[in-house]
Amino acid sequence: MTTGVERLFDELGHFKRFQACLYFAAIFQAISCGIHYLASVFLVQTPKFLCDAPSNITDVLYRNHSSTSLPDIWTHYKPGDGPVVVRTAGGDQWELSPCLKALRLDAINFQYEFFGNKTVESCGGFVYDHSEVEQSIVTEWDLVCEKEWLAKLAQPTFMLGVLIGALVFGDVADRIGRRPILMATSLCQFLFGVTVAFTGNYYLFVLMRFLLAMVSSGYLVVVFVYVTEFTGIKVRTWTSMHVHAAFAVGIMVVALVGYLVRVWWIYQIILTLSTSPFLLYCWKFPETPFYLMAKGRYKEAQELLDTMAYFNGLPPTLKVSELKDECDGAQLNDNKQEDGRVVEVEKRLSILDMFGSLKMAGRSATCWAIWFIGSLGYYVFSLGSVNLGGNQYINLFLAGAVEVPSYLIGCFAMDRVGRKKTCAPALLLGGVACMLIIVVPQDIEILALVLSMTGKFTIAIAFGLIYLYTCELYPTIIRSLAVGSGSMMCRVGSVVAPFCVYLADIWIYLPQLIVGILAFIIGILTFFLPETLGQPLTSTLEEAEALGSKPNKKNTAVDVLEMNQSIKA
């Protein structure tokens, strides 16, 4: 029988009607986080383009293809494979390239090859292929050629907002509560999301997307804590892991809306409105019982317990005073003398204590590496899926769809074969799959897609379980710091990911290859971590360091609540 606030789940149910309604309502809005994180795939899409052409074109040539209008050539045109030659009604012949155009001097015959003199000019404007993209911010503000870097900066700037939002809102939620943050970030997601669609210039667009990233990240961080504090320990692994599944649904929504809507501002509005019904009922969300008890708001906590009992069809017999007395007793036990020494639970430690010994330094470095490759691989596979050839909308949809079974398998495996024996093979398999892309012939796109989706599937397993694994690898006195520092490495990976995706300009499969090599190396290092399945949580650095080397003395005063609150902090 559990003690403290955790006892309420033994009395009122670990995941009954009340918790189920709250859970599915809360993760519905998490779909919007997946939407906004990946929306830039089509917002910043760059179609085929050429320098602006004269208005009175009569003939067009590209290699062996000829036409009387420029749009007819787009299906044959390949950037970097020679210019498009046009002839005007006045007889002038122009060679059009993406960032330059040249007027042929003294041209007589209209043919593709020309060896005479030319006058080269810079582009005054651009013409775009609208067969795939009717309008994106690239075509809206001509973010090509010397302005191409502005388009490529949009997603890294968004990810920087994700990093800052996680730091800001995670701390504020501990101060003022989970419920106000969920309501505020949800409302701001809607307002900023709509505002993005009506920005009149690039810089305002980036600013609004940055703010949207902050509130989206804030919601995602806090909703993990929220659902953790409303579900019992028996189902907590499953409920926390499947918040990721809601994020994956958001990726699939992006693919579907992107396919149906090819105008960027309409696309942005529809994506934002897709989860707006959440605003109609989020104000009914209660504060979590853990937060109310921690802040001494016992009257509100008692009302919440009675409401939970009523919705779950149970008599309202559980009293806050019982939970409070058990919490006070557990706190006193934590400060009892052990082996003649006082356990200093409140001692303030720094990040350097994670590297206090060679063994702990290796463990911390490996954990950080898993956090980093998990985030890097996740976003490289998601953002880069549209570059793999074939139908880009189907590719992105599959990138989201493969995540859902990965979390089911990950939850099943980590509770049966162990954390290490799930994480390490997943990283190794993902690494091998991505490195095999090297030998895939360029014309077999489907095989490259299968290998890439295999990589996404396995990386998602490792990314999903690292939160819980980190909690179990570190003692109570440094657990929150360990998860927080790992989360920082996760955000660093998300900022680096867009730049890695841009390496596809050098070779289409280079981003996947980089992730594959890193995942394989980190997978090998993961085998050196201790297994934590079935092990009690540790309270001291000495106990944590002894994990995997000798049996640990079971600590009856383990602060299970702190572990779960630190997840996604």
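Any Cβ shown, glycine's included, is placed from N, Cα and C.
Features as listed in TrEMBL:
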TRANSMEM  20-39  transmembrane segment
DOMAIN    102-534  domain 'Major facilitator superfamily (MFS) profile'
TRANSMEM  181-204  transmembrane segment
TRANSMEM  210-228  transmembrane segment
TRANSMEM  240-259  transmembrane segment
TRANSMEM  360-381  transmembrane segment
TRANSMEM  393-410  transmembrane segment
TRANSMEM  422-440  transmembrane segment
TRANSMEM  446-469  transmembrane segment
TRANSMEM  481-504  transmembrane segment
TRANSMEM  510-529  transmembrane segment
**Fill in**
Contact set of the transmembrane segment (20-39) with the rest of its chain, CB cutoff 8 A exclusive, min separation 6+ beyond the ends, reads 158, 162, 182, 186, 189, 193, 212-213, 216-217, 219-220, 223, 226-227, 230-231, 239, 242-243, 245-251, 253-254, 267-268, 271-272, 274-275, 277-278, 281-282, 285-286, 311, 379, 382-383, 396, 400
**Request:** Give me the stretch from 210-228, 240-259, 360-381, 393-410, 510-529 with the greatest number of Cβ pairs under 8 Å to the transmembrane segment (481-504).
**Result:** 360-381
**Request:** Output the single range from 210-228, 393-410, 422-440 maximising the number of Cβ pairs under 8 Å to the transmembrane segment (360-381).
**Result:** 422-440
**Prompt:** For the transmembrane segment (422-440), which partner among 240-259, 446-469, 510-529 gives the most CB pairs under 8 Å?
**Reply:** 510-529
**Prompt:** Would the transmembrane segment (446-469) count as touching the transmembrane segment (240-259), i.e. at least 3 C-beta pairs under 8 angstroms with sequence separation of 6+?
**Reply:** yes
**Asked** Where else in the chain does the transmembrane segment (210-228) make close Cβ contacts, counting only residues six or more beyond its ends and a cut-off under 8 Å?
**Response** 22-23, 26-27, 29-30, 32-33, 36-37, 157-166, 168-170, 173, 178-179, 181-182, 184-186, 188-189, 192-193, 196, 236, 239-240, 243, 247, 288, 467, 564-565, 567-569
